[in-house]
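Student: Can you keep this structure in mind? I'll have questions shortly.
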């Protein structure tokens, strides 16, 4: 993995992460311009997450026999087209169509880039490289979403998507220059494009860990703004907290990859899974504090973001052949967890209490931890 390839992959992941979450920052602007309620605009995040989850495995399967470079370039093209439709949308219907198109393309972009990273990275550095590339997602939350929000406030929300289009075109150009045309993915045999799973049970457990951890995280994180305000803090403190959360995410992906390589995926998942539950149980006692709350939020998110490189490393160990399909399953589990957690969090807030989301997150996280303990640390025999 050269530096330019790594940066190109990070940029590609960055724009995908930015387009998913930037809606939250420009929701009021889109609502006013299109004369649509903010509740409906907010559903664009749900549409993105579930489209990503559903279409990812299907598109990976349909494109697995084609050159990864050309698949990526076509995906970038459709991603740009979808965001162009959003930027020019005269009504909510066109907006939804553009959103679905861009999210389906994004699913393929992420999965292919992660699979190519596995192929190009040295075996002993795979966890670290996956974590580094995946840092693009957390960087999108730290830099992309605030920048997109500022642009929307200054010159209009449509120009926010214009920035994403330009970044997408740049990513396409860099992929053209720095990605090999004839890139051989690691297939099971020389004559087939099949993917063989060593243990379907272990893969299922790893995917369930992704889904459960992201569900637990989403249940609480979706309501982080009112949770912080409930402690008597002002909106400036919320902004500071969100910045710290974003930095924690960037650190978490890199550290997760590093510790996965240094120890093992199961060891790090055991540590991070148990720590997640403990932090969740402590959070409700910290909302009225300042420094302790910021430390708690930082630890929460550095732990949560560190789990994905470990899960991906565990999945790679269970696959012979092209890793794209199993990567797509993991990304689907991730986005399904985000969507399900958001819906569950809404029900908890509506029918129980805002702070109950934290305890539910801890309980759901505990289920994930129990599954982690049942994982096998070494490759299982072929089934």
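Cβ atoms are placed via backbone N, Cα and C, with glycine included.
Unlike curated entries, TrEMBL annotations are predicted automatically.
Dumping what TrEMBL says about this protein:
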- 5-380: domain 'Major facilitator superfamily (MFS) profile' (DOMAIN)
- 7-27: transmembrane segment (TRANSMEM)
- 39-59: transmembrane segment (TRANSMEM)
- 71-88: transmembrane segment (TRANSMEM)
- 94-120: transmembrane segment (TRANSMEM)
- 132-151: transmembrane segment (TRANSMEM)
- 157-179: transmembrane segment (TRANSMEM)
- 206-224: transmembrane segment (TRANSMEM)
- 236-260: transmembrane segment (TRANSMEM)
- 291-311: transmembrane segment (TRANSMEM)
- 332-352: transmembrane segment (TRANSMEM)
- 358-375: transmembrane segment (TRANSMEM)
Student: Spell out yes or no: are there three or more C-beta pairs under 8 angstroms between the transmembrane segment (236-260) and the transmembrane segment (39-59), with each pair 6 or more apart in sequence?
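Tutor: As far as Cβ distances go (cut-off 8 Å, pairs 6 or more apart), the transmembrane segment (236-260) and the transmembrane segment (39-59) do not touch.
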Student: Taking the transmembrane segment (358-375) as reference, which of 7-27, 157-179, 291-311, 332-352 has the most Cβ pairs under 8 angstroms?
Tutor: 332-352
Student: Could you tell me the mean pLDDT over the domain 'Major facilitator superfamily (MFS) profile' (5-380), as a whole number?
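Tutor: Across the domain 'Major facilitator superfamily (MFS) profile' (5-380), the average pLDDT comes out at 87.
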